[in-house]
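Student: Pulled these from TrEMBL:
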ACT_SITE  ASP155  active site
ACT_SITE  ASP460  active site
BINDING   LYS125, GLU126, ASP155  UDP-alpha-D-glucose binding site
BINDING   LYS294, ASP318  Mn(2+) binding site
TRANSMEM  26-43  transmembrane segment
TRANSMEM  55-75  transmembrane segment
TRANSMEM  532-551  transmembrane segment
TRANSMEM  571-591  transmembrane segment
TRANSMEM  603-623  transmembrane segment
TRANSMEM  661-682  transmembrane segment
TRANSMEM  694-712  transmembrane segment
TRANSMEM  724-742  transmembrane segment
Amino acid sequence: MEGQLTATTTPLHSHKLLRRTTFNHLYMVVYATALLSFLYHHLTTLLNTSSTSYFIISFLLLLSDLILAFSWVCTQSFHFRPIRRQEYPEKLTFKEGKKQLIPAVGNKELIPAVDIFICTADPHKEPPIGTVNTALSVMAYDYWPEKISVYVSDDGGSQATLFALMEAAKFARHWLPFCRENNVVERCPQAYFNGSFYPNRSLEGDKMKTMYESMKVRVENAVERGKIEEGQIDDEEMLEAFSKWTDDFTRQVHPTVIQVLLGTMKDKDVTGKSMPNLIYVSREKSKIHHHRFKAGALNTLVRVSATMTNAPIVLTLDCDSYSNDPQTIKRALCYFLDPEIRPTLAYVQFPQIFRGLNRGDIYFCEHKRLFIINPLGMDGLYGPNYVGTGCFFRRRAFFGSPSSLIQPEIPELSPDHAVNKPIASLDILELAHCVAACNFENQEGWGTKLGFRYGSLVEDYHTGYRMQCEGWRSVFCNPERPAFLGDSPVTLIDLLSQSKRWMNGLLDVLFSRYSTLTFGIQKMGLLMSFAYTHYTLWPITSIPLTIYAFIPQLALLNGIPIFPKISDPWFLLYIFLFIGANGKDLIEYLLEKGTFERWWNAQRMWMICGLSSFLFGCIDYTLSSLGITVRGFDITSKLQDDELSKRYDQGTFEFGVASPMFVPMTMAAIINLVSFVMGLVGVFRSGVGNMEGLILQILLSGFVVSNCWPVYEAMVFRSDKGKMPTKITLIAVFLASILIVGS
Ligand SMILES: O=c1ccn([C@@H]2O[C@H](COP(=O)(O)OP(=O)(O)O[C@H]3O[C@H](CO)[C@@H](O)[C@H](O)[C@H]3O)[C@@H](O)[C@H]2O)c(=O)[nH]1
Ligand SMILES: [Mn+2]
């Protein structure tokens, strides 16, 4: 369709500095001064110690505090110039026909097409019905359907996923007009039929619901059987597609499968209107070529989509992040169409927001800092980091810096190439297969200079970072109504495995030649590179967290005072630093619509991760760097069983499996309890006066104990499947006793 989008009145967006900024600056000065005096005090203590054990303890504490202090310095980047944006999609108007006069205000633009990438990788951990819902929710965007193409990348190479998308294509013919005609806001069918929107029931709605439910059953059955039998398919073309799953077709080794399920030129919905394109892509896999996980999948989609539609705007989504607002494309366009920011704008990132979190969000899946607070801060600098899903890119950004376009190996892949053949034509399909093959990337470029970057398990963070180093900028778009909703882990081990993978990926970047501390500083200056460094330091904070979880407590048990006495003025400084950091954090959390309960759980998860996923991430990274182990991308499960969901909804921690990651935290729980109790006993026996030097250590143990409540519960009081496995408890008790006796 020809036509133009115009902004009738400018501007399409605005932003303002957050009111808290002045306070932030003031706080920075005060806290930094306190921190400096604290480190000075530390150093003098260290230099004045005579005994060796005392020296070792002081040294470890100084090391911890230096790491924490540097991490604090890095976080200040987020508070330096935080901004909040607003966009006005209603100001985008549309004029049909090329010749029509367009009001001479604002900018004129041909309606940009959008290629939407959805990644899935495992039909068992990521049920295809979820992918179907995500695909349907974006196909139903309030946008010109012929301008939308949805590409689903299936790294699981699963017949069930292809089958599910075939079903989605059929259902879409009814669903899209239904949404349009009824002005449905909730365009993800599962969410619509479950949610609070469905009460306006209608005959038509009920019919849709029945249709949806029966599709769901067919899809789930297909997953269960794992194979599609001939009888289930009547379409010739589809039969041919399924025939690619020969006996030697495995997830790790198989040819490319590309199937156009809907083509906008030929397929119409039940009311006769055009449909978006829907394309299934399972790239070739072989044992000789590394597939580069998600980044590899996305680069394949960049190329395949270039041959088929080559839209200037690309949206990346994980299979679980469905669209929650049909206006989202227009919202993103408010930035992409602005001529002022356009030349360097690489991407518009929406926050990751999760559905179904329990009230207290016990595992801190919400990641309010990562997904909301910090991006607001980076937005006032060069823009937020890319978080893997819910992000609109300008295709051009995959091909070199804003000032120098890197031409890909064939002209058809270039961002300015115009596709002028129908997507299902033989030429196009042949080329699409060629660029999806494993050996296509043998040439230099992809993953280093072109497309999504390789070399880190957090391809999202790495890609956004490298683009910003090249001179690209980004925008954080955080509308009132969440644009996307996703799934989060519901068991502790899932969360920790995810977090461990992230830590591995962050270390990949920290120790690469593109390190945020060297390359980053050169390319982007201190503020931006410190913002990025804040993340690469996450795994490293396991060092101070581990030291603080054991050393002061063991010293307390041995009656060794390591912090200032109550009567010492330095005591107040310690208290101030603790309360200052936590208090500021809490205020910020509450200002961004958080609750105290969630904040408390967030700081608890920080401790838990510090003693598990951060620590094991570092170990994992070291082992694999030495070539001892091989790392992979453990996909986060998006499944939930009923009993498990019930425990999760009640806010009960799920341990259940005997993972080594639970050992250090369980040991810490035990040691802190013992030292806290012994400390209190000491105070009762000999009075506060004689224990003056140990009070801070007792308080610290008490604080850890109050955070460890779920661990005690899981060790002692629970009998359900999610309790702490006895094996872990025994190992932890054994190791903790050795530490106590040996110290
Ligand atoms: O070889 C792979 C591995 C994963 N994926 C897809 O990657 C996405 C993210 O995987 P998930 O297991 O959900 O990881 P999370 O840790 O929950 O994801 C976060 O962190 C990832 C980086 O580690 C980012 O890619 C994600 O966008 C971000 O949401 C999913 O859609 C997967 O299907 C692939 O396509 N191929
Ligand atoms: Mn995920």
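Heads up, the Cβ atoms here are built off N, Cα and C, so glycines get one too.
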Student: Which residues, in sequence order, are found in the same chain with Cβ within 8 Å of the centroid defined by the Cβ atoms of LYS125, GLU126, ASP155 at the UDP-alpha-D-glucose site, excluding those residues themselves?
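Tutor: In sequence order, the nearby non-listed residues are THR120, ALA121, ASP122, PRO123, HIS124, GLY156, CYS319, ILE635.
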Student: LYS125, LYS294: which of these binding-site residues has the highest Cβ count within 10 Å of its own Cβ?
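Tutor: Output for this query is LYS294.
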Student: Quick one: which of the binding-site residues (LYS125, LYS294, ASP318) have their CB closer than 6 Å to ligand 1?
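Tutor: The binding-site residues passing the 6 Å Cβ test are LYS294, ASP318.
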Student: Please report, as numbers and ranges, the same-chain residues at least 6 past the borders of the transmembrane segment (724-742) whose CB is under 8 Å from any CB of it.
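Tutor: Residues 550, 554, 557, 655-659, 662-663, 666-667, 669-671, 674, 711, 714-715, 718 contact the transmembrane segment (724-742) from elsewhere in the chain.
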Student: With respect to ligand 2, which members of the binding-site residues LYS125, GLU126, ASP318 satisfy a Cβ distance under 6 angstroms to one of its atoms?
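Tutor: List returned for ligand 2: ASP318.
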Student: Secondary structure at LYS125 (UDP-alpha-D-glucose binding site) (DSSP, helix/strand/coil)?
Tutor: coil
Student: Should the transmembrane segment (26-43) and the transmembrane segment (661-682) be scored as in contact, given a threshold of at least 3 Cβ pairs under 8 Å and pairs 6 or more apart?
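Tutor: In this chain the transmembrane segment (26-43) does not contact the transmembrane segment (661-682) - fewer than 3 Cβ pairs sit under 8 Å.
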Student: With Cβ distances under 8 Å as the criterion, find the stretch in 55-75, 571-591, 661-682, 694-712 that has the most pairs with the transmembrane segment (603-623).
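Tutor: Most Cβ pairs under 8 Å with the transmembrane segment (603-623) come from 661-682.
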Student: Cα of ASP155 (active site) to Cα of ASP318 (Mn(2+) binding site): how many Å, rounded?
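Tutor: Approximately 12 Å lies between the Cα of ASP155 (active site) and that of ASP318 (Mn(2+) binding site).
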Student: Roughly how many Å separate the Cα of ASP460 (active site) from that of LYS294 (Mn(2+) binding site), to the nearest whole number?
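Tutor: With distance taken Cα to Cα, LYS294 (Mn(2+) binding site) is 9 Å from ASP460 (active site).
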Student: On the three-state reduction of DSSP, what should I expect for ASP318 (Mn(2+) binding site)?
Tutor: strand
Student: Max Cα distance spanning LYS125, GLU126, ASP155 (UDP-alpha-D-glucose binders), Å?
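Tutor: Between the most distant Cα atoms of the UDP-alpha-D-glucose site, 12 Å.
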Student: For the C-alpha pair, I'd like the distance in angstrom between LYS125 (UDP-alpha-D-glucose binding site) and ASP318 (Mn(2+) binding site), rounded off.
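Tutor: Here the two Cα atoms lie 13 Å apart.
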Student: Roughly how many Å separate the Cα of ASP318 (Mn(2+) binding site) from that of GLU126 (UDP-alpha-D-glucose binding site), to the nearest whole number?
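Tutor: Cα-Cα distance, ASP318 (Mn(2+) binding site) to GLU126 (UDP-alpha-D-glucose binding site): 10 Å.
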Student: Between LYS294 (Mn(2+) binding site) and GLU126 (UDP-alpha-D-glucose binding site), find the distance joining the two CA atoms and give it rounded to the nearest Å.
Tutor: 14
Student: Restricting to the chain of GLU126 (UDP-alpha-D-glucose binding site) and a gap of 6 or more, list residues whose Cβ falls under 8 Å of its Cβ, or answer none.
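Tutor: Looking at Cβ-Cβ distances below 8 Å from GLU126 (UDP-alpha-D-glucose binding site), excluding near sequence neighbours, one finds THR120, GLY156, CYS319, ASP320, ILE635, LYS638.
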